[in-house]
Structure formats: C-alpha cells, structure tokens
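As structure tokens, the structure follows; a few thoughts come after it.
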Amino acid sequence: MTTPVNVTVTGAAGQIGYALLFRIASGAMLGPDTPVRLRLLEIPQAVKAAEGTAMELDDCAFPLLDGVDIHDDPARGFEGTNVALLVGARPRGPGMERADLLEANGGIFGPQGRAINDHAADDVRVLVVGNPANTNALIAASHAPDVGKDRFTAMTRLDHNRALSQAAARAGVPVSQVKRLTIWGNHSASQYPDLFHAEVGGRPGAALAVDRAWLTEDFVPTVAKRGAAIIDARGASSAASAANAAIDHVRDWVLGTPEGDWTSAGLWSTGAYGVPEGLVSSFPVTSSGGAWDVVDGLEVDDFSRARIDASVAELVEEREAVRALGLI
Ligand code: NAD
Ligand code: LMR
C-alpha cells in the first residue's frame with residue numbers, strides 16, 4: 001500500500017472547504033492510486049462544524065481516505081504536511097476589493113507560514129486560496145525561511161479557468177480547444193488575462209483579440225471582475241469553482257501539465273518578465289517532475305506590458321501595506 005499523503009486544509013468548515021474536502025478524498029486531486037490523510041485546521045469556534053464535515057467524510061467510505069484529524073493549533077495541523085491548502089480566511093462582501101481584506105486576513109498567514117516551516121514535511125507544497133491570495137502567500141513564505149520559496153504558491157487557476165470559458169464561448173468552441181492562456185499579476189481586478197499566445201479552436205488567440213473593443217471592454221473585465229459578479233449573484237463568494245481550481249492547481253503541480261499546454265499560477269517571482277523579485281505574481285507555467293516552471297521567451301507587446309505592469313504595481317503596493325502592518 002502506498003504511504004498516504006498528508007493534506008492539510010485550513011478553513012475546513014467554510015464553504016470552499018465543504019466543496020473541496022470530498023473531492024480530495026475521492027482521489028480527484030492526487031490521482032486514483034494515492035491514499036490521503038486529511039488534516040482539517042480551523043479556529044476553535046468552527047471545530048464542531050469541521051467535526052460534522054469529518055463525519056460526512058467517514059460516511060462516504062472513500063477507499064483512498066486513510067483518516068481525518070481536526071486541529072485548531074497550526075503546529076499540529078501542519079505536522080508532516082505534504083500538501084497545505086490555505087483556504088481559511090474571511091471572504092469579501094459586496095462592494096469590497098480583495099485588498100480590503102489584507103488587514104483582516106494578513107495576520108493569519110504569518111503564524112501558518114511559521115508552523116509550516118517548523119512542522120511540515122520536507123516536500124511540502126503550499127497553495128494559498130484565502131484572499132488577497134498573492135500577498136497572503138508572500139506573507140506565509142516570508143515566515144518560512146527554511147522552506148524553498150518555490151513551495152509557496154497563490155491561486156490564480158480560477159481566473160485561468162474563467163478565461164478559458166469566456167474565450168471558448170466567444171469562439172463557439174469547447175473549452176478543451178482553448179490552450180496556452182495566461183493570467184498575469186494579481187488575483188484582483190487588475191489581473192491581466194492574456195489571449196495573445198493562446199490557441200482557440202485551432203486558431204491563434206490573437207485572431208479573437210483583433211476585436212479590441214471586445215477584448216478591453218468585455219473579455220478582460222469579465223474575467224477580472226467575475227469574483228464580484230458571483231458575489232452579487234449568489235450573495236456569497238465563489239466556492240465550488242474555487243475548490244475545483246484548487247484541485248486543478250495541486251493536481252497539475254504534482255502530476256504535471258499536459259504536453260503542449262500551460263496554465264497560470266501565482267509564484268514567487270525570481271524576476272521573470274520584469275516582475276520584481278519577491279512578489280508573488282501570476283505567470284504562465286508548466287509543471288513536470290513536481291515543480292513549476294515559468295514559460296519563458298514569450299513576446300510581450302506594449303498592450304500587454306502596460307496591463308502586466310499595472311497589476312504588478314498593485315502587488316508592490318500590497319507588499320508595502322503589509323510591511324507597514326508589520327506582517328512581513
Ligand atoms: P468561509 O467564510 O465560508 O470560510 C472560511 C473558513 O475559514 C471559516 O470556517 C473560518 O472559521 C476559517 N478560518 C478563519 N480563520 C482561520 C484560521 N486562522 N485558521 C483556520 N481557519 C480559519 O469562506 P470561503 O468562502 O470558504 O472563502 C475562504 C477564502 O478564500 C476567502 O478569503 C475568499 O475570499 C477566498 N477565495 C479565494 C479564491 C481565489 O481564487 N484565490 C476564490 C474564492 C475564494
Ligand atoms: C473569486 O475570485 O471568486 C474569489 O477571490 C472571491 C472574491 O472575493 O472575488
């Protein structure tokens with residue numbers, strides 16, 4: 001029997017947690033041959049609700065689920081963790097931007113980064129979902145000096161999936177025929193979904209982007225503001241699609257991206273595409289052998305450059321804000 005992979009999910013009693021845990025336990029994230037042991041990390045007030053979720057996990061009798069533990073202490077919650085999904089954080093409400101959550105949520109990620117540093121397995125992989133995800137990932141990584149910065153990632157896969165769906169609808173093709181899209185920058189309204197290197201229904205994405213009015217007034221803002229549109233419609237922020245994106249992100253990180261395609265993920269910048277080192281920014285990425293690589297050599301024209309720079313400038317501001325709050 002393969003050794004179970006320890007997966008810690010924070011915010012396990014929340015709405016994303018509820019959409020995520022059952023899929024992890026079913027094998028959707030790490031594959032049909034990999035048993036998992038789930039660690040649910042919650043705040044004390046939500047432990048009882050997490051216990052209810054754990055009871056339901058038991059009741060599914062998932063063959064791959066080796067066990068479920070519930071913790072309210074990060075040191076115990078990240079003990080031996082191989083995959084950490086940092087979901088636990090407050091969601092925004094109507095009229096808020098994600099950056100408005102920095103003060104409320106930023107304080108969660110320093111102690112969790114430290115606990116990951118001290119207690120997680122050597123091969124730990126961290127995905128930050130809680131908003132503002134990029135800067136929270138920066139905070140967590142900054143508190144984990146012994147863990148490689150490449151082990152901390154932020155989720156922009158939901159934006160990527162949203163962009164796939166919008167481009168497919170515009171071209172009238174199935175989503176499976178949209179490839180090599182990129183989300184650049186921050187998981188915020190300033191993000192830049194880039195079609196210029198994509199292939200859509202066998203044609204260059206640039207053919208769709210020729211319609212600049214559609215690109216700038218429809219495609220880019222629809223993708224970038226989709227989170228707010230969901231909050232408006234549902235009265236709560238995205239949950240099932242966010243959980244699905246987290247599954248996609250970790251699956252591709254561990255098992256690899258398909259040949260001839262790439263995806264998007266928020267990574268600790270080492271300076272690629274002019275993004276200052278030490279920001280967690282979204283890039284076009286492939287994964288093989290369990291590690292992300294930024295796709296290199298893409299030409300970035302003035303149109304795209306201006307949008308990437310604007311989103312990166314916002315990340316710089318967020319970094320300044322968390323510095324001022326003493327969070328890094
Ligand atoms: P939710 O309010 O339903 O659940 C959050 C859970 O986190 C709660 O159960 C709460 O008790 C728990 N929590 C709070 N502080 C914690 C801590 N210190 N340790 C462990 N658990 C803690 O929220 P949700 O809808 O599940 O969303 C969670 C976060 O994910 C929000 O910040 C939301 O904005 C973000 N989000 C990000 C993306 C993305 O694409 N990156 C997409 C959707 C949602
Ligand atoms: C999303 O993109 O759906 C999430 O980040 C939630 C939000 O606040 O928009």
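Here, residue 1 is simply the first one shown, and the rest follow in order.
Note: Cβ is positioned from N, Cα and C throughout, glycine not excepted.
Keep in mind that TrEMBL annotations are predicted by a computer and have not been checked by a curator.
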Candidates ARG98, ARG170, the one TrEMBL lists with ARG92, ASN131, ARG162 as binding substrate: ARG98
Nearest-integer angstrom distance between the alpha carbons (Cα) of GLY130 (NAD(+) binding site) and ARG92 (substrate binding site): 10
Nonlocal neighbours by CB distance (under 8 Å) for ASN131 (substrate binding site), same chain, sequence gap 6 or more: ALA89, PRO91, ARG92, ARG98, LEU101, ASN105, HIS187
Which same-chain residues, if any, lie at least 6 apart from ALA13 (NAD(+) binding site) yet have Cβ under 8 Å of it: LEU40, GLU42, ALA46, VAL47, ALA49, ALA50, GLY52, THR53
Among GLY11, ALA13, GLY17, ARG92, ARG98, ASN131, the binding-site residues whose C-beta sits under 6 Å from ligand 2: ARG92, ARG98, ASN131
Rounded to the nearest Å - Cα separation of GLN112 (NAD(+) binding site) and ARG162 (substrate binding site): 29
